[in-house]
């Protein structure tokens, strides 16, 4: 599941047509609230980073224009690349890393939904999944250049990799060389000099028995590639149970409908019923079972850590649609003997009451 496009205007609390002065004013106000030296709350540090993210995007005309285009199209893919760079230089600003070697940093986590059948989630399985992940470019092996690197000193920052600007004179990574201090003359044509590409990745994930809807499975170090030699991020899979053609899961129980014939409902007998394992079991139906009755089969429901729920069968009585003449006569004879008081059973060709009613309508 991809990173959503953040609304930096909302984060700073300004309108989308806000001037630079309005952006600076909103930024100063929020910094006084969330700066780590002022606010000791651990959550304030993350909020402070996000505020700086928003400010350093919106205060720069070129960067703001690029962001506005991404936001208007809700282009999650473009924003992922954009966010990676923004977070990198904001962190370097906050940490005061000017002129220092970049330290290894863990890659971004990946969060996505994992659709599972009831069988896969309930009984457990090894599930193969394919997803997109940032990896080293296979052509340049993560170097970002084609062949031997040909570089020139960045004219914008004179090789410093940083330029001082902004209301607090913060050193910011140079937007021309992306903070490197040099410009590669022969960037890799596959990754455009980034050293990494988004590639399809295939893994097998263990699904434990009794996995529930909404449960999140963590797969360590299967997220995006790390930065500067750092570890990859983690992969988080949120379980979504698919609709089942037979069973409906309610808590730990499985519910299903079973159609039985009228004679079996009256006389009793056994029917074949499927289980989650794909087997069939014999279930006894009591004589005189009515439509809508339920039959509970213990411990044949959804698995969980210490056992299993029940299988609850909702009985429906099937009504035959096409009867032969002999079958109809037998049923008519039976109906006469077991019908309730006040009932008039239609015979073939209509009942006496029906014929008299039709005659009166013709003479009216």
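Every residue gets a Cβ built from N, Cα and C, even glycine.
Copied from Swiss-Prot, the annotated features are:
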BINDING   137, 140, 188, 191  Zn(2+) 1 binding site
BINDING   154, 157, 174, 177  Zn(2+) 2 binding site
DOMAIN    7-71  domain 'J'
REPEAT    137-144  repeat 'CXXCXGXG motif'
REPEAT    154-161  repeat 'CXXCXGXG motif'
REPEAT    174-181  repeat 'CXXCXGXG motif'
REPEAT    188-195  repeat 'CXXCXGXG motif'
ZN_FING   124-200  zinc finger
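Beyond the ends of the repeat 'CXXCXGXG motif' (137-144), by six or more residues, the same chain brings 184, 187-191, 193-197, 199 to within a C-beta distance below 8 angstroms of the stretch. Ranking the binding-site residues 137, 140, 188, 191 by Cα distance from residue 154 (Zn(2+) 2 binding site) puts 188 first. Other C-beta atoms found within 10 angstroms of the C-beta of residue 191 (Zn(2+) 1 binding site) number 20, with every protein chain shown included. In this structure the alpha carbons, written CA, of residue 188 (Zn(2+) 1 binding site) and residue 157 (Zn(2+) 2 binding site) are 23 Å apart. The separation of residue 177 (Zn(2+) 2 binding site) from residue 191 (Zn(2+) 1 binding site), Cα to Cα, is 16 Å. The separation of residue 137 (Zn(2+) 1 binding site) from residue 177 (Zn(2+) 2 binding site), Cα to Cα, is 20 Å.
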